[in-house]
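Step one of this worksheet: look at the structure below.
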Amino acid sequence: MKNKIILLWLLLIVILCTISNVKGCGMTTHNTVARRAYNFSSFDGFEQYQKYVSENFDVFDAGAAFPDFGYDCGGLANESEAAHWPPFLRAATKYLLETYPQPWSLDGIRLAVFLLGVTSHQIADISWHSIGGIQQGLIRAMAGQDFNGTYELAHGNADEGGEFELAYNYDLSWLSDKWYVPITDIKNIFHSMNYPRVDDENLLRCNAILYAGAMGVKIGGRFFYPEIAKKSPFLVDHYQDYFIGGLDDMSIWTSYCWPVLMGWMDGEDIGDFCFIQPDPNNDDDNQHLRLHHKHSILKNGSKIKEALSKSILNEMKITNNGKGVTFSLPNSMEKAINQVLNKFNQNPIGTLLEKYLPNLFNNKNKFYQENENEQYNHDEEELNIIDIDIDIEEEEQEEEEDKPIRMLSKNNNFKNYEYLNDKKKSSSSKLKNKSKKNIIKLNSDSNDLGTNFTTIYGQNMYSYFGKDIRSKDLNGDGFDDLIISSPGFGVPGSMQTGCVYYIISNGSSVTIDGGSGFTSEFDIDQVATGKLCGNETHAKFGWNIDVLDFNLDGIFDIIIGAPSSSNANLQYLGMIYIYLGEKNNPAGEWSTESDLPSITIQGIEYADTIGTVLRVADCNADSNADLILGSPHSAGGGTQRGTVQIFYSSKKRISGIPISLNDADYYGHGEVDYEWFGYEIKVAGQGDSSTLLVGSPNYHDEETAIVNIGKITSFPYNVNLNSFDLNPKFVMVGVNKNDKLGYSYNMVNGSLFGLDNVNDIMVLSLPTRGFGDDFDQVGEVVLIDIDNLSGFVEIKNVNLLLSIKGTTKYSRFGESLLIGKLESTDEFARLFVGAPLWTDSIDTGPGCVFTFLPNQHLTNDPAVLKQNIINNTPVVIYDSTHSIKTFRIDDDSGSSGGRSFNNKRKDSRFGFRILLSDFNNDGKNDLIVSADRDSSKILEGGSINIFQ
């Protein structure tokens with residue numbers, strides 16, 4: 001029985017291995033872009049195509065993957081390349097109109113839907129691969145950050161890694177279990193383009209490989225997620241939202257371009273295609289148009305893999321269906337998967353694969369009799385299709401009962417997660433033994449917070465409600481108000497125009513029950529006092545927000561960033577919208593001057609993407625908060641070095657007069673390409689003793705070539721300049737790969753943690769820091785006294801006051817940080833740490849927020865503190881249990897350690913943003929946690945969760 005289970009796992013793994021035979025963005029990346037574009041589109045004027053697609057998703061999904069069919073199959077690389085460009089769409093549209101007169105038959109409709117999928121694939125590859133003049137597409141940026149600028153390495157890892165990112169962090173249940181490919185029509189289109197080698201047989205076989213790979217990703221691709229998470233933090237963090245070539249951007253551009261094709265298919269002149277799409281018919285474009293696909297994650301070429309791949313393909317069910325074929329997997333595959341799932345409860349996958357797979361693969365003769373005379377070229381990653389036997393059934397033949405293919409394993413409770421996460425059950429003690437520092441285990445609390453929080457949800461798909469949150473007393477009544485962004489808000493045809501909501505607490509219908517034992521739920525429209533909305537598609541209005549009195553009239557103003565403004569002309573300049581507040585209404589309530597912005601600031605150069613980071617702090621020692629812009633993608637004298645601009649608040653800020661980015665009162669930029677200077681910005685201290693601290697998490701040392709060590713640059717205030725100096729006081733850099741120093745940090749006066757003799761403590765998170773393979777990217781949060789730092793310093797030489805280490809791989813422990821008191825009478829502040837990718841199972845999890853009382857692990861005794869600094873022996877807090885409980889935040893229970901919160905909703909990114917606010921006006925601060933991809937009500941609609 002044990003060997004049978006292993007063989008079943010091998011079948012699954014071999015399906016996944018076929019992923020490597022596919023080029024371009026991975027198959028399911030293309031499927032996801034196409035389906036997301038369908039949801040983004042209004043089909044205004046082309047409503048029939050929306051109906052066609054909705055009734056033929058099996059055709060649509062096959063079309064979205066199709067252009068990659070021949071790169072490693074049948075020697076059809078040139079034909080596959082041809083399917084990526086506008087001439088193919090022109091030829092296909094001409095064939096459609098000549099072959100299928102209106103009203104279209106089912107075969108005509110299927111071909112039209114298939115071509116919409118093909119178009120999505122073509123558009124997605126442009127920005128993904130930086131083709132046709134696009135210089136900073138996703139793979140280029142990934143190479144610049146994670147692969148020392150080596151495009152080919154990034155390319156392979158992005159194409160395959162995106163599949164595993166999707167399978168792990170997203171729900172693929174929508175992906176069609178059956179695919180239909182219009183074989184005859186596609187063959188005829190290629191022949192009309194003078195590609196005679198494309199025939200029924202190789203179209204059938206090559207598309208079978210595409211289908212097998214897609215189903216492999218859907219069923220079990222999540223188990224390969226650690227491969228890409230380890231290699232590319234960039235892909236994990238920015239696969240969806242990277243400004244040019246991320247999932248959303250590729251989907252928006254597909255929705256921009258579909259009307260051109262639909263117009264052709266409705267009889268409009270077949271001419272130039274979409275703006276983003278370069279054209280081989282244009283000589284200026286032609287030299288840029290070869291995709292040159294290569295891969296690197298899964299190594300092909302082994303005969304055992306090839307033999308087993310053939311075996312899997314032989315199990316596939318292929319049915320003649322009109323002018324095409326339908327691909328499906330038999331129910332026997334479902335039964336095999338069920339056996340594996342049942343076995344999981346007894347034998348975690350980590351031990352099964354670790355114990356048996358090496359022997360199975362090393363002893364190839366058990367599965368494959370090697371032919372000594374056979375010559376095999378390991379450099380050619382091509383599946384030899386000649387010997388694959390595929391039986392094709394006729395459509396009228398009785399079929400098995402349709403059942404959806406089961407995925408591993410959104411709804412299955414796997415035991416012993418630590419086996420996969422840490423390899424060995426005793427690995428927690430391994431880390432303990434490695435550390436020479438005092439380790440304090442965290443206490444767990446049995447009280448269930450699930451009965452004591454209120455959730456407010458976003459109102460439409462992909463709205464990312466809760467992407468940013470702020471709390472400020474807008475109307476001056478002494479009560480905290482909430483400002484919540486939803487940069488993905490929009491309607492089909494005009495998606496991601498974005499909205500920002502504000503809730504004036506004394507007028508809100510939201511009430512949080514303190515102990516009645518139920519969870520309250522609201523939609524944002526039920527409780528919002530008002531909202532401000534953008535009108536530019538895909539501008540991401542609300543990506544970052546903040547509040548200050550910009551025109552010094554005594555009334556707060558709302559600042560809103562829209563970093564993808566000017567996307568429709570591929571400039572991505574970005575825009576800042578400033579809504580001046582007023583109290584001129586009869587009731588004296590706070591409102592904005594208008595629903596339109598009072599003042600705007602626009603980016604100037606390509607990829608400025610201003611509005612990515614907004615912060616407020618006093619920057620000219622006049623006790624008034626000023627506006628700070630961080631633009632990490634901006635050129636800064638190179639490529640994505642990043643810039644920081646500061647605009648002082650002033651009575652000269654007048655409604656109706658835009659501000660030029662060149663008129664900034666302060667300007668700084670990064671030094672190394674892709675360092676992302678300005679990703680985080682804080683101001684420490686006050687008045688003329690203040691310091692500007694700018695984070696560059698992707699900074700790398702060009703001499704050592706260690707990537708993503710990160711840095712924080714400190715610029716002291718210069719009284720003579722009435723501004724921060726351009727020469728740094730200190731530059732602190734990381735030392736290890738993926739330290740990402742500068743990703744997230746906060747500043748606090750030492751007295752809040754009981755250290756009255758320390759002025760400025762930096763609470764610094766290193767969310768991708770790892771401690772060996774067993775604890776890769778578990779994250780760490782450290783407390784540093786920065787009072788005496790100067791010059792160039794490596795973090796390993798900095799004396800730490802406290803270290804808090806995460807325990808869950810790739811959880812992004814420290815993505816968000818918050819320091820504050822629950823009650824004004826509390827003597828010391830708490831530290832809250834967000835880990836939005838945290839999980840407690842083999843599957844993706846909900847995310848989590850941890851809270852600690854640092855003062856209980858620090859000392860106010862100057863002698864002891866001095867000795868700790870001399871010995872470099874900070875206290876280390878470490879949770880070795882993997883046991884996460886929720887609890888009431890006001891229930892101390894005498895605990896000195898940490899506790900945790902989560903909303904128990906998978907894939908929600910709970911903990912992405914956190915803040916404290918007395919939202920229910922009871923005199924105590926409430927913890928407010930955003931989960932910007934919460935899909936429990938609507939797909940990636942997002943939510944905020946309010947804990948009393």
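Glycine is no exception: its Cβ is also placed from the backbone N, Cα and C atoms.
Marked as N-linked glycosylation site by Swiss-Prot: ASN39 (among others). Taking a C-beta cut-off of under 8 angstroms and a sequence separation of 6 or more, ASN39 (N-linked glycosylation site) has the following same-chain neighbours: MET461, TYR462, PRO492, LEU939.
Listed in sequence order, the residues of the same chain lying 6 or more apart from ASN78 (N-linked glycosylation site) and placing their CB within less than 8 Å of its CB are TYR195. Under the heading N-linked glycosylation site, Swiss-Prot lists ASN78 (among others), citing sequence analysis as support.
If you look up Swiss-Prot, you'll see ASN148 (among others) marked as N-linked glycosylation site. Sequence-distant contacts of ASN148 (N-linked glycosylation site), defined as residues of its own chain at least six apart whose C-beta falls under 8 angstroms from its C-beta, comprise HIS700, ALA705, VAL707.
What Swiss-Prot records for ASN300 (among others) is N-linked glycosylation site, and it gives sequence analysis as the kind of evidence.
What Swiss-Prot lists as N-linked glycosylation site is ASN433 (among others), and the listing cites sequence analysis.
According to Swiss-Prot, the feature N-linked glycosylation site maps to ASN452 (among others), an assignment based on sequence analysis.
Close to ASN506 (N-linked glycosylation site) in the fold, though at least 6 residues off in sequence, lie ASN475, ASP477, PHE479, ASN921, each with a CB less than 8 Å from its CB. Among the features that Swiss-Prot reports, N-linked glycosylation site is placed at ASN506 (among others), with the record citing sequence analysis.
Secondary structure at ASN535 (N-linked glycosylation site), taken from DSSP and collapsed to helix, strand or coil, is coil. Sequence-distant neighbours of ASN535 (N-linked glycosylation site) (same chain, 6+ residues apart, CB-CB distance under 8 A): SER494, THR497. The feature N-linked glycosylation site is assigned by Swiss-Prot to ASN535 (among others).
Swiss-Prot lists ASN749 (among others) with the feature N-linked glycosylation site, giving sequence analysis as the kind of evidence. ASN749 (N-linked glycosylation site) carries a strand DSSP state (E or B). Sequence-distant neighbours of ASN749 (N-linked glycosylation site) (same chain, 6+ apart, CB under 8 A from its CB) are VAL758, ASN759, ASP760, ILE761.
Residues or ranges marked as N-linked glycosylation site by Swiss-Prot on the basis of sequence analysis: ASN788 (among others). Its Cβ taken as reference, ASN788 (N-linked glycosylation site) is surrounded by 7 other Cβ atoms within 10 Å in the chains shown.
The annotation repeat 'FG-GAP 1' is assigned in Swiss-Prot to 451-512. Within the model, the repeat 'FG-GAP 1' (451-512) carries an average pLDDT of 89.
Per Swiss-Prot, the feature repeat 'FG-GAP 2' maps to 526-588. As a summary of secondary structure, the repeat 'FG-GAP 2' (526-588) carries 2 helix, 22 strand, 39 coil according to DSSP.
Marked as repeat 'FG-GAP 3' by Swiss-Prot on the basis of sequence analysis: 596-656.
What Swiss-Prot lists as repeat 'FG-GAP 4' is 663-724.
According to Swiss-Prot, the repeat 'FG-GAP 5' annotation covers 799-861, on the basis of sequence analysis.
Per Swiss-Prot, the feature repeat 'FG-GAP 6' maps to 895-948.
Counting Cβ pairs under 8 Å to the repeat 'FG-GAP 3' (596-656), the top-ranked stretch among 526-588, 663-724, 799-861, 895-948 is 526-588.
Counting Cβ pairs under 8 Å to the repeat 'FG-GAP 1' (451-512), the top-ranked stretch among 526-588, 663-724, 799-861, 895-948 is 895-948. ASN78 (N-linked glycosylation site) falls within a helical segment according to DSSP.
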